[in-house]
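Undergrad: Okay, handing you the structure first.
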């Protein structure tokens, strides 16, 4: 065994460091860069970026130039003996020429230094039952170099390259070479927990791994007898269990915290992300095969968990990696790639695993059965207004339509009531009523003859129910795993399928539950029954079989229903996957589209709708399976060729032709993107004609015959009065409503209308009111000519011609600014001040005439109360801040008994002073406060405060302001003068007492019966 230089060995895989970086003698890369406070000014963003690059380059330098020794067998005792050597000079200062004495002392220090980095050139002695592959040994060396330099990282090898084994070997290295056996914490998905325990026993039996799972009694026993006394090396648990026992786990100081499938913490605000950040640990390691699933912010969340002092601001990170900043800037792209190199190791199978044959994917296009076509049409017809662009487009409604269409193309029996019965039978109709099932049946027969074993993935657990019935009918032995499968049953099913000479032919799984961390390499065929929205999930599913240990070529068959939503989902996923290849494999970290927009969903729904409506019969092919697969391979090659021609910009815009002729907005030769602003545009799908049978329309015949045989003469009635469109907020003269009431009563008299009895009052009172109403009808008379002229004149005397929307603007203006600030209301409404003043005078005099006067008045008074409260808070804050010359350093808060343990006094002082500086009455003040907290240099390592939301900061500030008001002992009076509802009612009642006649109508428009 020959001695290797550590820098050459480590640089082989994970990073390309610059050999010209100045030499460093320390192992702490953070000492290489002055940790000067980061400015909160946006203008300093570039400087912060330069600092980040400098820090990461120094990390990379430490990884490549650290001291190393070759591992030649079992470790020796390397404890330091004697006194430690003294160091002269300033730590980290290597810019000046050394004196001879300094150089001698440094050489002596290097000679007696024992904490060397161990470099492996073959599988370590503590790994049993097999040998690690070369690239896995290099991965172990990379992990060891991270630990040696006190740096956390992400092991992001492609799925199936043995990330679990590399991690286990790293923990073995900690035990056998670093004498740091425990405790280590491994947090994994529930589906892979038992697999991790088995892998520890298989590869490194010297490590004592304990599994923490079970009910409360079982958990408490493990915690009491094993975890808290630290009688273990590694604790393996699940995400859910981690949240349940977080209090006990916080009591330990962990050597390593390792999170498998680390994209589970891509949302830094999730409960799991917050909890794992609160654990104490020396090192952290994230394991994921898909470090970038949707956008760069998720990658920042992972890096922030590993290195919160380096990756502090998500806003800065997002802006540096934005599309605009990176477009056409090759130098910036290369430097950004350098940022990630020290922390992220990413390798793909084609580069490192030559013995594993590449998987072959074929897209198999199928038709619709007659029943599928009928149900697909029903779903489209139910929401035809959405499809034709005439209805209200809501994202939740669109997603619901998409999900129903996906159920149609999978199997119509997913809808309740679709399956014929009772009695319900399991026979040929289960296959014939679904195009995918017809092809699946042919495929499975072929694979059974070939001796292959099959994995079937679907999004729908109820689809697995149908597949179970199908397997029972065809006498196929199978295993099943979905999100509701108990942990013990999962382990038993995987072991039964992977057992030597297993007779299990099919393993059916839901994509999300079975696509993570499960080794099913004994299967060589993967069937994607329906595709996931996220193409990474399908890749993870395929790699359950396409992984180390696979001896055959893995074939993947993706079932797609032609001219349906399936095709659009696949095209969207393909484009997203191509973009991911550009981003990850080339080191390009620009942001990809995260979620489906409304336009994408509408396009998916519309795709193929006319073909579905036009045809009536089944379009399932009768070809044999070999012919179907030949056509599928040709079509797959064509699609791959088309996608390969698309450049990155078109991928981001979801354009599927390099001449931009066809986009997701393209349908039947027209582009509806340009017509989106025109409402319906010219888009219209003609629904299928409804076919009616005339055999049962006897009732209609007799109805027409009776109408023809008994002609009735039309009664002469008074013409229906033409009532004007009047609104209560326009404040017409009261006399107008009296005349309108007379007109209505006379019309009711002419048609013989009988007054209805009120239902919401006691019987006697109801009878009395009915009699009074009927008396008014009986005594009614038509309007005289003079009254008609008077009515016409009164219709011209409205206070305003405002619409309902403008009136609501006026009410909101009073609520926002107060009834006295008419100038601000006028600016808000963009109306002349004189007009607002004139209307406001009438409004407050006659507000009781409004139909919902109490609601309007209450709304305004609540707004004025908020104004008064803001004024009181401002006055209290002004008085408190004025007591100190330097309030950010000197301000004291009298907590009394309300101190609490969540926020420190320094944090509270900053919140109060910064809120006062920004202005408590300012809109979005707490969002600005949140940004100030994140930019404040004194809180750069205060993860708790930096992770608070604007709402949480608002609640804390409200508590502090209450304490300050109590401390100041003042009752602050507000400037606005509030007129109460009671006072206004008295004023209106006084005006009404002067008028007489029929009570005025409050309805917007009187409608005679």
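FYI, residue positions are counted from 1 along the chain as it appears here.
Using N, Cα and C of the backbone, Cβ positions are placed for all residues, glycine too.
Keep in mind the model is a prediction, meaning the values are calculated, not measured.
This is the feature table in Swiss-Prot:
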BINDING   157, 158, 159, 160, 161, 162, 163, 164  ATP binding site
DOMAIN    144-309  domain 'Helicase ATP-binding'
DOMAIN    439-590  domain 'Helicase C-terminal'
DOMAIN    797-848  domain 'SANT 1'
DOMAIN    899-963  domain 'SANT 2'
REGION    1-48  region 'Disordered'
REGION    63-106  region 'Disordered'
REGION    760-790  region 'Disordered'
REGION    984-1009  region 'Disordered'
MOTIF     260-263  motif 'DEAH box'
Undergrad: How does the domain 'SANT 1' (797-848) divide up by DSSP, counting helix, then strand, then coil residues?
TA: 37 helix, 0 strand, 15 coil
Undergrad: Give residue numbers and ranges for long-range contacts of the region 'Disordered' (760-790): same chain, 6 or more residues beyond its ends, CB-CB under 8 A.
TA: 718, 735, 739, 742-743, 745-746, 748-749, 753-754, 998
Undergrad: For a quick check of packing: other C-beta atoms within 10 Å of the C-beta of residue 162 (ATP binding site), how many?
TA: 22
Undergrad: Average the per-residue pLDDT over the motif 'DEAH box' (260-263) and send me the rounded value.
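TA: Summarising the motif 'DEAH box' (260-263) by its mean pLDDT gives 86.
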Undergrad: For residue 158 (ATP binding site), which residues of its chain lie six or more apart in sequence with Cβ-Cβ distance below 8 Å?
TA: 289, 346, 347, 348, 349, 543
Undergrad: Please name the residue among the binding-site residues 159, 161 whose C-beta has the most neighbouring C-beta atoms within 10 angstroms.
TA: 161
Undergrad: Could you break down the residues of the motif 'DEAH box' (260-263) into DSSP helix, strand and coil, giving a count for each?
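TA: Looking at the motif 'DEAH box' (260-263) with DSSP, the answer is 2 helix, 1 strand, 1 coil.
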Undergrad: Could you put numbers on the helix, strand and coil content of the region 'Disordered' (760-790), residue by residue per DSSP?
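TA: Its residues divide into 22 helix, 0 strand, 9 coil.
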Undergrad: Suppose we draw a 10 Å sphere around the Cβ of residue 157 (ATP binding site). How many other Cβ atoms does it contain, all chains included?
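TA: 22, counting other Cβ atoms within 10 Å of residue 157 (ATP binding site).
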Undergrad: Tally of helix, strand and coil residues over the domain 'SANT 2' (899-963) according to DSSP?
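TA: So the domain 'SANT 2' (899-963) is made up of 46 helix, 0 strand, 19 coil.
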